[in-house]
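This report refers to the structure that appears directly beneath it.
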């Protein structure tokens, strides 16, 4: 057998997988996945049977209910979705190497006969609001719109939910929260505003930053009320105080937040359609939104009538061709992003008349693991890890802003550096155990041994850590002016993760106002069109601070949902 269908048909009939009429159930393949589970068990049950494997692919870090067909195809060779981000060697039966041959929005515009046939037909569905993208912004918008009385469809072009949000690890920035007060952390929306503007080199839109900072506490409260654990509060680069909220023990915030959002969307019976791509925002003769043309992977083109459309499609950091055109210095860089982050939403918005801004500002995350392609959260540094070069020397304030940290790493021998930490840092942040499990964090019982393993000058490394520990004891980093010195590195084993910058966040995007309404080049609102999250520009300026992305997507997602629902009621 060359594929799963050929294998299954040796012992079973077609209707073991398919509906009796042979038609695919929907673009989410709901029926087909139910049949998979009926034979093989749930993802959790399968993960238990494969736990002996070095990389247990079924023990997924993805939120939501990951469908079997996210990786396993039937009538063609399968592709391991993990390989879209990582470079692990999975040996899956009937599989081929990961590839993404997805036509662009412009290329799809050439499907004129199919598109015109769909548009000439009656709408497939009629709702109040369509949300495009199932990341943190999309789910927040869908839930918020639903709670405001709107009927909502949420579409997602990938086979898995979560967008980039599911990969976020550091925290959710918010000011003057109950969690901060409980830890006696003094903060304010004004200070968060100042930090965000400074981090963005004051290119940010102050009005949008004010929305972000002044509503950040409400966003944390909103998530907490829905079941999120955001009790741990850490520090991220560019912040004056600890304001990065995350789960107890320092677990990754993104997957947790998306899981909470997903669970709440399910409770509200929100219509979620996977493998479904937003193609064109439809407008009437007056330029007002009347719906959206979509393309299902299996069902093809159809249109949905809606009063409002919310674009929450993320950025374009995975599209290196587009990145390099805007910033040639990033040509050939790998990305920390999920495979869908190629800029579809920007094309859809532009075709609808939306203006783009700040497109030239593209951020590299300083710590992408050289082995495995795993983004290592900034919280590792925030909790005490140091950065050293191959010569075993520190060379930068570890929790400076990402642009400065990335530039400093690229200036080192080999254009990479090493995160060095001990068991005390590991115990403070449960996310680190994931890196160890993935094999990207070698360990040794001495710094000399660790240096030998990783090609670092062990003698110099030992001296560097001793020097750093003395600075921790003194309470002041006179070498690089690191503002926080949470702990000495002298407990148990030592760890090293080789890291290099990877394209991480695209600060530019669709121009929006303080109601999340998309605007044209004349700064006029396009009635019924909204944007939230990384698809938009103006919030972060020239550089995004760690922890501000989750805050951004939740805050503006909520806002877009509320405003779209209000707009729908009026129309």
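Glycine too: its Cβ is placed from the backbone N, Cα and C atoms.
Worth saying up front: this structure is predicted, and the values here are computed from it rather than measured.
According to its DSSP assignment, residue 402 (active site, proton donor) is helical. Neighbour count (other Cβ atoms within 10 Å of the Cβ, all protein chains): 25 for residue 402 (active site, proton donor). Sequence annotations record features per position, and here Swiss-Prot assigns active site, proton donor to 402 based on a curator's inference.
Mapped onto three states, the DSSP output places residue 8 (heme c 2 binding site) in helix. As annotated by Swiss-Prot, heme c 2 binding site applies to 8, 36, 39, 40, 94.
The DSSP secondary structure for residue 75 (heme c 1 binding site) is coil. All chains included, 9 other C-beta atoms sit within 10 angstroms of the C-beta of residue 75 (heme c 1 binding site). The annotation heme c 1 binding site is assigned in Swiss-Prot to 14, 17, 18, 74, 75.
Look at Swiss-Prot and you will find 52, 58, 68, 71, 72, 91 tagged as heme c 3 binding site, backed by experimental evidence. In the three-state DSSP reading, residue 52 (heme c 3 binding site) counts as coil. A sphere of 10 angstroms centred on the C-beta of residue 52 (heme c 3 binding site) encloses 6 other C-beta atoms.
Feature annotation from Swiss-Prot assigns heme c 4 binding site to 61, 82, 85, 86, 431. For residue 85 (heme c 4 binding site), other Cβ atoms within 10 Å of its Cβ number 20. DSSP assigns residue 85 (heme c 4 binding site) to coil, not to a helix or a strand.
What Swiss-Prot records for 137, 156, 164, 165, 169, 170, 171, 278, 338, 505, 534, 549, 550 is FAD binding site. All protein chains shown were included, and the count of other CB atoms within 10 Å of the CB of residue 171 (FAD binding site) stands at 33.
Feature annotation from Swiss-Prot assigns succinate binding site to 170, 365, 377, 378, 504, 544, 547; the stated evidence is similarity to another entry. DSSP gives residue 365 (succinate binding site) a strand state. Contacts of residue 365 (succinate binding site) defined by a Cβ separation under 8 A and a same-chain sequence distance of 6+ are given as 336, 375, 402, 406, 501, 502, 503, 504, 505, in order along the sequence.
According to DSSP, residue 544 (succinate binding site) is assigned to coil rather than to any helix or strand. The annotation fumarate binding site is assigned in Swiss-Prot to 377, 378, 402, 504, 544, 547.
Predicted-model confidence for the region 'Flavoprotein-like' (118-571) is 97, expressed as mean pLDDT. Annotation source Swiss-Prot lists region 'Flavoprotein-like' at 118-571.
Each of the binding-site residues 378, 534 was scored by the number of other CB atoms within 10 Å of its CB, and the largest score is that of 534. When the alpha carbons of residue 39 (heme c 2 binding site) and residue 52 (heme c 3 binding site) are compared, the span between them is 21 angstrom. Highlighted in sequence order, 5, 8, 32 have their Cβ within 8 Å of the centre of the Cβ atoms of 14, 17, 18, 74, 75, the residues recorded for heme c 1, and are not part of that set. Listed in sequence order, the binding-site residues near residue 377 (succinate binding site) (C-alpha within 10 Å of its C-alpha) are 169, 171, out of 14, 85, 169, 171. Taking all protein chains in view, 20 other C-beta atoms sit within 10 angstroms of the C-beta of residue 36 (heme c 2 binding site).
Residue 504 (succinate binding site) falls within a strand when secondary structure is assigned with DSSP. Comparing Cβ neighbour counts within 10 Å across the binding-site residues 71, 169, the minimum falls on 71. Counting every protein chain shown, the number of other Cβ atoms lying within 10 Å of the Cβ of residue 74 (heme c 1 binding site) is 19.
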